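Everything below concerns the one structure shown next.
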Amino acid sequence: MGEKKNGHAPPTNGNTAGGSQYSIDLNTFSRRLEALYTHWHDHRDDLWGSSDVLSISTAPPSEDLRYLKSSAMNIWLLGYEFPETIMVFGTKQIHFLCSQKKASLLDVVKKSAKVAVNVDVVMHVKKGKSDDGSALMDAVLLAVRSEARSDGRDAPVIGYIAREPPEGKLLETWASKLKNSGLQLVDITNGMSDIFAVKDQTEITNIKKAAYLTASAMKNYVVPKLEKVIDEEKKVTHSSLMDETEKAILEPARVKVKLKAENVDICYPPIFQSGGSYDLRPSATSNDDNLYYDSASSIICAVGSRYNSYCSNVARTFLIDSNAIQIKAYEDLLKAQEAAISALRSGNKVNAVYQAALAVVKKNAPEFVANLTKSAGTGIGLEFRESGLSLNAKNDKLIKPGMVFNVSLGFQNLHMEIGNPKSQNFSLLIADTVNVTPSGCEVLTQLSSKSVKDIAYSFNEEEDGIEQLPSKDVLNVKDNVFSKATLRSENHESKEELRRQHQAELARQKNEETLRRLAGVGSGSENNRGSVRGSSELVAYKSVNDLPPPREMKIQIDQKHEAILLPIYGNMVPFHVSTIKTVSSQADPSRNCYIRILFNVPGTPFNPHDANTLKNQGAIYLKEVSFRSKDPRHISEIVQQIKTLRKNVNARESERAERATLVTQEKLVLAGNRFKPIRLTSLWIRPTLGGRQKNKLAGTLEAHVNGFRYSTSKSDERVDILFGNIKHAFFQPAEKEMITLLHFHLHHHIMVGNKKTKDVQFYVEVMDVVQSLGGGRRSTYDPDEIEEEQRERDRKNKINMDFQNFVNRVNDMWGQNQFKGLDLEFDQPLRELGFHGVPYKASAFIVPTSGCLVELVETPFLVITLSEIEIVNLERVGLAQKNFDMAIVFKDFKRDVMRIDSIPSTSLDGIKEWLDTTDIKYYESRLNLNWRPILKTIMDDPEKFVEDGGWEFLNLEASDSDSDHSQESDQGYEPTESDEPESESEDDDSDSESLVESEDDEEEDSELDSEEDKGKTWDELEREASNADREKGAEYDSDEERRRRKKTFGKGRVGPGSSAPKRPKFR
């Protein structure tokens, strides 16, 4: 691919833009240069042709789509393609022969190369365009010969890329020099293929982005385009479809993908084929024939895109008014491709992939074996086809984690005896990009569906008289054809039906994904609640000599050593303040005052064993001591001093324990003189840095080399947030809120003041709180009032604009090459999709973003990553309900289910539509579920969970059709006060053994209990109920459920015709 398209080549000699806008990522360069030399050393004889020197020369720029290993090495090692550049790698020196501008760019790698592999970088700079570099080449060959002699070799063996013929005057001269040098030349293609095969995390991220773009282009552009063309019966050529699809890929926003257009390119011109003429080779092209979509026709579409020069591919076949033969062939091909993908596991041989696909075809459709493609695809990465990783029957290389494959299978030139000659011959092709992981594999293009119901279309309402020859291979195939949609205007399916179909497909995918994720994962310990919390050993005085000299036999407070000295039997005995549990004072009628001190004693209630008590098990502990004094003022001062000291020590130890659990992070690198940091002033921070809210100071947020720094005028008030620790970044301008904010959700906790947090927010209040001193109402037309409102609007707009400028500049910085692996970009909430709910204790406005569900105004903040969600269950959904609840189940089943309560029922359709468009499977239920035992059951036996239908037990429609009593339970329903959104008793208690409870069940149980327990007092009934609750549900109750149950119990109704018994008074 030419560098003008992909944006990965620095300027050539004629481009006066200069190289300042390009920078080489030295960390990546050092890491990969070391990997290159290590691989070369370890596999010198078997893959690198026993070469002593590696020569890699890059061709001049070209607008043609081509994949050269020399260009791939440039991008892999340096991050850019350097046309007309010669690189010679030796054991002691690396030589670059290039123009002056390229040399100035490459000059920064000298130090890194020396540190990484202990080699010197030598620059050979051409004087101008007229210089053919002949003299410089002689100098390079002389240095290579000299290096070989110093290593004890007569003549070096030079490795080069034999399959790339020289292009341009410079490379032709270099090829002639090598040929006439008398040195042995060997091919190093195999070595380069092997080192490109296993991708690092940065490369995987680039391929995932490319795959997402490719699948989105297929789903959001190609499929709707074909549907519109066929439905409107337009005449469109394959080549015009190719051109329009290419333009859509190069503008990612058109396919609903947020990627920068300058980082995006196509792998090849999109391929469209139909009408009986098909070519399943990767080199196929789209001809100028019209798209053919009559009955029993097939349309093959293949799309490939690149992100940062890394490739991905997807291919789909669409069947139009298909017959049984086509459906059976497609189903067999789909099974073969799924078998090939399943065989892509670490440790398997490459040929096992094709053999797995071939075995499926031989078993299910032996008549199609001859039509099966001879390869199941190839490796994919910087090259669209990695030559060393062809998925054929002969390749015996081992599959390793980090390899990425284009798994492509097809049936070529299948034949049917039907009346239409253009439909007699048809071909099928399915291709996906698949990443090999340590535990299996991951299909990166699964966003584009390939199931039969999504690729088979039915347009004819009457039978067209297609003749189908009876065949024993087709007798067991259903005559009816599964169709995705009938696109005639009079037969449009409702939006709800399409959503239901999509949700059914998501359910199948989700069950398979859950089984793969949980396979081999033991339940382990459910939590660490019973673990002993360790504490550091606190010592007041290391020796007797450190004790302060006795002044009086009175209680003394030693603030320096954090100790209390008590007079006991004529001696001052020290106690560290942390050993004191409580201290109190009391006066008696005789005007004497008493001070009572209780100590922490192991074994007593609320005093669990810690590390110190376990170490001193044979010690004798003092439980309590009391003193009498006639000076009440002195006693009060002592009590206050002990309480204050104890509070300070506990706060310090708590902060120390919090800091001990923090993940060690790299240090912030300040901008210094390299560039001026991006700055945003007059910001407040949440959580606060300590102290009283009214005494807090505004600060400044600065973007430095590898992170942000927030600081105030106080030198000790500073917070550093590293780019590598940012999981999500949000910008929310003030519209209906009082603040404009930047919010960072982090991977690991940091300390803000003395608080440990994963969420840090910087904000500005856009409106000042003004109180009218006169107390009277002001007129709407009051000029002062109008002017004040205008000032507030101007202030809000200015603040929003300042924040927007800061965000844009930071986004531009994050778009640089060294930050691309972090995948950072400020996300903005989509207010039109927002809804009201209660995520914690108070109602809040919850808003989706492109990748999260957030509430950033009220504390505690809510940030839920959509990719971490397993399923969403919408609970208490009913016709007569004014609101419902949302239970969010995460992929990590050990994580508590997140509940958002009291969502207005008017938001239900919008939430369902949003969940469906973000490919999140949702269910609906009439009752609240107790999720802890459900998740525990799934983790204990995930295979049985999938066999029983997986998450389909939550399917309200399925459960209604299977239940004989569903109608009876709904009859007789009457609205009560509990349906009001203000009621706190809406949340049903979920502490019983059953997964769900209804109010009807509770009322029936209470009636039975009242008959059996007639004559018992309310106290007895209450004790029995509490005992039963402890026996049944205490194991799974969370703190939130206990609080909710306590609220509900406190508002429970008393028995009919009676009042709650009064508690007897004791005198």
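Backbone N, Cα and C define each Cβ position, glycine as well.
Automatic prediction, not curation, is the source of TrEMBL annotations.
Among the ranges 39-69, 504-534, 628-658, the stretch that TrEMBL annotates as region 'Disordered' is 504-534.
Beyond the ends of the compositional bias 'Basic and acidic residues' (504-516), by six or more residues, the same chain brings 440, 446, 449, 451, 453-454, 870-871, 919-921, 938, 942-943, 945-946, 949-952, 955 to within a C-beta distance below 8 angstroms of the stretch.
When pLDDT is averaged over the domain 'Histone chaperone RTT106/FACT complex subunit SPT16-like middle' (835-925), the result is 91.
Sorting each residue of the domain 'Histone chaperone RTT106/FACT complex subunit SPT16-like middle' (835-925) by its DSSP state yields 16 helix, 42 strand, 33 coil.
Under DSSP, residues within the compositional bias 'Basic and acidic residues' (504-516) fall into helix, strand and coil as 13 helix, 0 strand, 0 coil.
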